[in-house]
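First up is the structure itself, then whatever we jot down about it.
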Amino acid sequence: MIPINLIRQYKFCPRIVYYNLLTNIKPIFPRQVSLGNEYHDLQNEMLKSRKFKKFNIDFNEIISDKYFEDGDLNICGKVDLAFLCDDEIIPIEFKHIEKKPSYSHVLQLVGYGLLLEEEYQKKFTKAFIVYSNNMKFHKIDITYKHKKDFFEIIKSIEKIVRNDILPNSDANESKCIQCEYLNFCNDRF
Amino acid sequence: MKHIIVNNYGMFLGLKSQRLTIKQDGSIKNEIALNRIKTIQVLSRGISLSSDLINSCSQRGIKIFFNTFNSFSALHTLYEHKSVMVRKYQFEKCELIEGLELARTLIIGKLKNQRATLLYSSRGFENEFKHNVIEKFDKSISQLKNKKDISKDFILGIEGVSASYYFEYLKSMELLPRSFKYRTKRHSEEITNIALNYGYAILFNFIYKACINAGLEPYYGVLHSVRSAKPSLILDIMEEYRSFVVDRNVIKLRSKLSKTKAENFDKIKKELATNILKTLSKKYKYNHRKLTLESIIQRQVYKVSGYFCSQNKYKSYIFRW
Ligand code: SF4
């Protein structure tokens with residue numbers, strides 16, 4: 001099953017997906033990554049005391065930090081947070097930087113939404129990305145195109161797994177220089 | 001990104017907050033962040049390494065090589081074993097016509113690159129000898145290209161004859177020191193051969209690394225005989241690069257080599273190693289881009305694995321002279 005967090009990695013460079021799924025390399029991540037993880041943990045801790053009034057959503061239940069998988073969709077992942085409403089589910093992701101979320105970030109959220117949609121059989125039309133400690137957020141209206149693009153990436157990842165051969169990459173120098181797999185690729189510049 | 005070469009007896013390589021520290025006689029000579037290092041090449045005896053450094057290097061894909069004149073070993077993580085499919089196809093294809101075709105292409109590439117080295121090294125002079133040797137190379141290349149029922153013996157035959165023209169020419173034109181009489185692969189006591197063997201050992205490390213990165217089995221090749229303990233695929237792939245990466249640098253150092261006794265080769269080996277690394281880190285044109293030669297070699301080796309997996313054709317990288 002494909003972990004949803006690989007969507008962003010795939011958009012960054014398809015080879016990362018290969019290294020992640022098909023080799024046992026355990027990379028040493030740079031400091032920013034652990035900062036991101038710390039932020040995530042902190043948010044999850046703080047969640048317990050939140051009321052989420054700012055979102056103006058009439059929810060029945062909150063799902064937090066819960067793992068889901070779906071055999072038919074062939075995807076899995078841990079949902080940061082989601083509102084379970086009468087007729088819809090709304091996934092929420094935390095980001096530790098303020099700038100506008102990238103498309104790959106949005107697609108990742110689409111993956112979590114699709115998992116929840118299947119699990120709870122409720123519609124999925126919007127999502128939030130929270131980017132600050134005092135709950136500032138971006139609202140994203142999910143379209144057909146989002147879902148189509150998401151499934152296209154899943155198909156490409158499935159192909160990488162099926163082929164079991166290091167894929168080509170057009171990642172440029174600025175990406176590769178910060179990549180923990182640079183020495184394993186060894187063909188970049 | 002750097003290749004670190006250490007070749008002084010008594011050096012100690014350690015780790016300090018994800019930095020490599022190089023100490024001699026207890027004092028730090030150099031410190032380099034691990035995320036800026038590609039390989040560490042230990043080219044002398046009596047050098048110590050800390051286990052923490054080895055561990056961090058393996059996780060970061062920094063391979064550590066140990067070369068002396070008669071031994072070779074490498075440290076890298078067991079985790080990085082890549083695609084089993086690549087190895088499966090490699091074993092299959094090596095036994096089929098595809099394996100022979102790859103061998104043919106690699107040797108054509110080798111001859112073209114040797115030809116380029118001859119032309120480059122003797123660009124100042126014109127004579128009949130040069131003309132004849134180049135003609136012989138052209139003939140060998142076209143024989144190899146056009147042979148219908150290709151066999152290993154045929155390829156090896158042409159390769160062997162061309163190698164003897166090649167070294168004969170370098171010797172006669174005094175492009176190598178006078179002490180050079182013929183090519184000796186092991187246990188040579190003649191300085192040119194020692195230098196060539198030393199240079200090929202460095203090149204070997206790079207090809208080995210490229211093969212491991214591409215998930216290929218280094219001991220299963222298409223031309224050199226396949227037997228245990230013989231890294232035949234590395235030797236096959238090296239053929240294309242020997243003359244450009246090593247021979248040219250030995251030719252450039254010929255006057256220094258001429259003045260150095262074989263037993264004093266240590267005095268010159270650092271310069272040779274540095275020049276070879278410079279060649280490998282210089283950028284050349286590759287598919288409309290400029291890439292370091294090391295990256296080009298790695299891409300070419302990825303293409304070998306792609307060839308085994310029927311994903312692409314393989315074309316040698318030909319150096320312009
Ligand atoms: S080094 Fe570059 S090509 Fe290799 S995995 Fe990282 S981003 Fe991709």
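Using N, Cα and C of the backbone, Cβ positions are placed for all residues, glycine too.
Listed in TrEMBL for this protein:
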BINDING   B:E159, B:H224, B:E239  Mn(2+) binding site
CB neighbours within 10 A of B:E239 (Mn(2+) binding site), counting all protein chains shown, number 22
Assigned conformation of B:E159 (Mn(2+) binding site) - DSSP reduced to three states | helix
Environment of B:E159, B:H224, B:E239, the listed Mn(2+) site - residues of the same chain whose CB lies within 8 A of the CB centroid = B:A103, B:L106, B:I107, B:K110, B:I155, B:L156, B:L223, B:L235, B:D236
In DSSP terms, helix, strand or coil for B:H224 (Mn(2+) binding site)?
-> coil
